[in-house]
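J.: This is the structure I have questions about; it appears just below.
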Amino acid sequence: MAGGITDTGELYSPYVGLVYMFNLIVGTGALTMPKAFATAGWLVSLVLLMFLGFMSYMTTTFVVEAMAAANAQLRWKRMEKRKGDDDDEDSSSGVSDSDVLLQDGYDRAETRPILSVQRRGSSNIFEITERVEMGQMASMFFNKVGVNLFYFCIIIYLYGDLAIYAAAVPVSLMQVTCSAIGNHSCSVGDGTKYNDTDKCWGPIRRIDAYRLYLAAFTLLLGPFTFFNVQKTKYLQIMTSLMRWIAFILMIILALIRISRGQAEGHPSMAQLSGIRNLFGVCVYSFMCQHSLPSLITPISKKKHVNKLVLLDYILILAFYSLLSFTAIYCFRNDTLMDMYTLNFTNCDIINVAFIRYFLGLFPVFTISTNFPIIAVTLRNNWKTLFHREGGTYPWVVDRIVFPAITLIPPVLVAFCTHDLESLVGITGAYAGNGIQYLIPAFLAYCSRKDTQLVFGSGTVNKHLSPFRHTFWIVFVLIWGFSCFVFVTANIVLSESKL
């Protein structure tokens, strides 16, 4: 979820952008949502899902607004530079817009051609034509402490992402290939509870099989962390196609089972003990803010971008509700697995072996293609965080140390635990909370303040969020910090009971 979507130059229509955003948001988090729904109760889950979807939409509009403000800053810097270089044309091509902007930082000159900028067309100066990533926006609008906190938050989130991926693939392989009764796939999703110490093949225990798969996963995909990889259009199309085939199959199979009167689920309305994990899963499942610059910038017509984003969130909310409700009514709560696809590897659910294996191994294919991309993104963020102007890293640090500190921690976490619901819940509740709520709110506040300072109080950002009143920013910040406190208190109380 953290990689770029397209190159900056590849423009597409707003409706293609809507599809890309849908594919970006609906990912691994959706597979852990049914169990989280069952644990928290259907009514609490539905209310929280709708509320968090609304909050995510609001902060998405904050990021779009900040992107427009950043583009306006870049244009203003270009105008300033052109004026300064009128007498020295040869020097004008040596410095990029972003370099000039970052060198200037937060310093604001006393004399500025505000009126001339506005006369040139203030309605177009906020057009989003240049891709400005969140890290660059943080450098433009935050002070040094804020920039470091931003990178700390994004790095923790990416570590959580990698740990989830590193655990999900071995778990899926273990569940599909291991069975206490020796029938390789038909008993995986039948409700039988297995312990990690149960036998898998001969003397090999299930936990041993999991760790063997984890070692193989690390050896096969880990080396990509030491090189540069890039998501191709064809790889994206293939993984998206597989994802939608899998999701549609699961919904149809669950509906068929319910229509035949074979449904076993009797979900409760509310169980407050399950809210912590549900909150983290929902935050993780609506995550897109960090990839919005790569997603929004190539859209050819952005006039109604906020309405298209709203439509996307409504569709995603309906999809999550359909997937989760069919799951909790089709399967008993105690049989729903962390990775929902594994519930369809039982012969009683589907007797076609190919479909059983396809659904059981679906996370293996899609996650394996994303893992190197997320790893390289995390590695590059580490390099950016420690980069000093004009400095270069020694070869050992650049090619060995940074990839190593990227790969080793998530693999160690996956080695210690394969509780996917908790991994997703904690990642979403902490780092996801910061990226989805706190950072966009601060970006909106600081970019508005900066825009007024540079262009004057009468200038209006054409991509200003519908939630333009300061109350909404304060509300998001209070909500974000309250979530930190609530989740932490819930974890502490849960541990003290144990």
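Cβ atoms are placed via backbone N, Cα and C, with glycine included.
Nobody curates TrEMBL annotations by hand; they come from automatic prediction.
OK, TrEMBL features for this one:
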TRANSMEM  12-33  transmembrane segment
DOMAIN    20-66  domain 'Amino acid transporter transmembrane'
TRANSMEM  39-72  transmembrane segment
DOMAIN    135-467  domain 'Amino acid transporter transmembrane'
TRANSMEM  141-160  transmembrane segment
TRANSMEM  210-229  transmembrane segment
TRANSMEM  241-258  transmembrane segment
TRANSMEM  278-296  transmembrane segment
TRANSMEM  308-329  transmembrane segment
TRANSMEM  349-378  transmembrane segment
TRANSMEM  471-493  transmembrane segment
J.: Which range out of 39-72, 141-160, 210-229, 241-258, 471-493 gives the transmembrane segment (308-329) the most CB pairs under 8 Å?
T.: 39-72
J.: Looking only at the recorded stretches 39-72, 241-258, 278-296, 349-378, which one has the largest tally of CB-CB distances under 8 Å to the transmembrane segment (210-229)?
T.: 349-378
J.: Same chain, outside the transmembrane segment (39-72) by at least 6, Cβ under 8 Å from its Cβ: which residues?
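T.: Non-local partners: 125-130, 132, 134, 136-137, 140-141, 267-275, 277-279, 282-283, 286-289, 292-293, 296-297, 305-306, 309-310, 313, 316-317, 320-321, 324-325, 328, 333, 421, 436-437, 440-441, 443-444, 447-448, 450-451, 454-455, 461-467, 472-473, 476, 479.
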J.: Which residues, given as numbers and ranges, are at least 6 beyond the ends of the transmembrane segment (241-258) yet have a Cβ under 8 Å from it?
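T.: Counting only partners 6 or more residues beyond its ends, the transmembrane segment (241-258) has Cβ contacts under 8 Å with 23, 26-27, 30, 319, 322-323, 326-327, 329-331, 340-341, 344, 349-350, 355, 358-359, 362, 365-366.
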J.: Using Cβ atoms and a strict cutoff of less than 8 Å, what residues sit near the transmembrane segment (471-493) while being 6 or more residues removed from its termini?
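T.: 55, 58-59, 62, 275-276, 279-280, 429-430, 433-434, 437-438, 440-442, 444-445, 465.
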J.: Grab the same-chain neighbours of the transmembrane segment (12-33) for me: Cβ-Cβ under 8 Å, and only residues 6 or more beyond its ends, written as numbers and ranges.
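T.: Same-chain contacts beyond the flanks: 1, 5-6, 164-165, 168, 236, 240, 243, 247, 281-282, 284-288, 291, 295-296, 298-302, 304-305, 308-309, 311-312, 315-316, 319-320, 323-324, 338-341, 363, 366-367, 420-421, 424, 428.
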